[in-house]
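Take a look at the structure set out below.
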Ligand SMILES: [Ca+2]
């Protein structure tokens, strides 16, 4: 399983605000232009969203960067209320994922370019808590901080440029699950997911 609780370092709040029209919030949609942002949520979160919601988020990061979306939670009325994620600036772009129902864990969603478009639509009855997500961008040749698993260590805490490797080990009594070594690729993504350290 993908480790969802990586220790991603976000820029200082002042830095985010200076680049952005919306950085976080529980409103319905927004236009996001900061290099990273969140948490963003469905309307009224952590209360239930309303009926007949139609929310759109457009994320635009600097050209040459890609976007990595991570979800903290996701629960909508299965089969009736949908969050759709498109790999571009509008719903004309390729659909990456269409989410509905309850998902305790969602693998990070990575764009192929510097824009992502999200639309949330609920129907006329029954609602749930909704969802919360954040995003971070990486430029070509520079990967995001892949984090450290709980009960684990890594040999590289700061150099996440293309070609650099992070090697993970687990503390005594814990077993590494996943790939011990991941390498930053030229496109700004890692060769694998951050491993986890579980009980033996
Ligand atoms: Ca509904």
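Yeah, the Cβs are placed from backbone N, Cα and C, and that goes for glycine too.
Note that this is a predicted model, so its numbers are computed, not measured.
Per TrEMBL, the features are as follows:
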- 28-138: domain 'CUB' (DOMAIN)
- 28-55: disulfide bond (DISULFID)
- 141-199: domain 'Sushi' (DOMAIN)
- 170-197: disulfide bond (DISULFID)
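Of the listed disulfide-bonded residues 28, 55, 170, 197, the Cβ environment within 10 Å is emptiest of other Cβ atoms at 28.
Residues of the domain 'CUB' (28-138) grouped by DSSP class, helix first, strand second and coil last, total 0 helix, 56 strand, 55 coil.
A mean pLDDT of 95 is what the model gives for the domain 'CUB' (28-138). Recorded residues residue 170 (disulfide bond) and residue 28 (disulfide bond) have their alpha carbons 41 Å apart, per Cα-Cα distance. Cα separation, residue 197 (disulfide bond) to residue 55 (disulfide bond), rounded: 37 Å.
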